[in-house]
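The domain 'CoA carboxyltransferase N-terminal' annotation in Swiss-Prot covers 23-292. Residues or ranges marked as zinc finger in Swiss-Prot (evidence: sequence analysis): 27-49. Residues or ranges marked as Zn(2+) binding site by Swiss-Prot on the basis of sequence analysis: C27, C30, C46, C49. Summarising the annotation, Swiss-Prot assigns region 'Disordered' to 284-304.
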Amino acid sequence: MSWIERIKSNITPTRKASIPEGVWTKCDSCGQVLYRAELERNLEVCPKCDHHMRMSARNRLHSLLDEGSLVELGSELEPKDVLKFRDSKKYKDRLASAQKETGEKDALVVMKGTLHGMPVVAAAFEFAFMGGSMGSVVGARFVRAVEQALEDNCPLICFSASGGARMQEALMSLMQMAKTSAALAKMQERGLPYISVLTDPTMGGVSASFAMLGDLNIAEPKALIGFAGPRVIEQTVREKLPPGFQRSEFLIEKGAIDMIVRRPEMRLKLASILAKLMNLPAPNPDAPREGVVVPPAPGQESEA
């Protein structure tokens, strides 16, 4: 028996450990392998490169509003395939698939609650539901959010993440642009704040309507914001676009948005802004939401 065979005979193979699916994930930006539970505590922000990953509508609203204060609005509204639309797949089949995948009936979730004790109405897009596209139910739920804010005499916050109008609903989808914008005019008449938070991506008919009509338009870092996408624009104008075109950092340089706020700092920032606008006491910055870790941006860690 050769020396290699003698060594091999003394080696006992170890049993391969089985790791449950979904425990680990990878950052789309830097490629870092991340522990899923830690990433959720960091509000889907990569602790290595500060990349803001896409966040579900419900997780976003639950991380924003005070625990125990959330009441969902418009959950009874469901999309209908009135046009019997079909492209490569029937619209009703696309809806059923999206509903099964996300657990949502449509792409916008609306809740009322409190933010640091202040009554607010908040809406958030579920991008995983047909790209967060805006159809008649999205428009109806947004109007319901406006009506609730008017009834409660409180601010409205909307987190947009959408590819634009839903082509399967044709004109009924495009009509939501005017419908939602008209509803916001009532907020302005009443003097109630409407804050629009633009997340990645905010495009098409959503960016061309209520997403850019906030009293303050706030964006998350490196969010893609615009009407047509960069590739479509380059093909149309036949020119190379400047670096960072349509990203939030590019837009704030051009004065198209008001500020960029990191997601872990968003809750306190929104509460502070709304407290000033509503003439209410400033929120306590030393009272972080239970269970939520506020990681510093890379390069800004404390020296402790």
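Along the chain as shown, the residues are counted starting at 1.
A Cβ is built for glycine as well, from the same backbone N, Cα and C atoms used for every other residue.
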Same-chain, non-site residues whose Cβ lies within 8 A of the C27, C30, C46, C49 Cβ center for Zn(2+) are D28, S29, G31, Q32, L34, P47, K48, D50, H51
Considering every residue in the zinc finger (27-49), what is the mean pLDDT value?
94
Counting every protein chain present, what is the number of Cβ atoms, excluding its own, within 10 Å of the Cβ of C49 (Zn(2+) binding site)?
13
Counts of helix, strand and coil residues, the zinc finger (27-49), according to DSSP:
6 helix, 4 strand, 13 coil
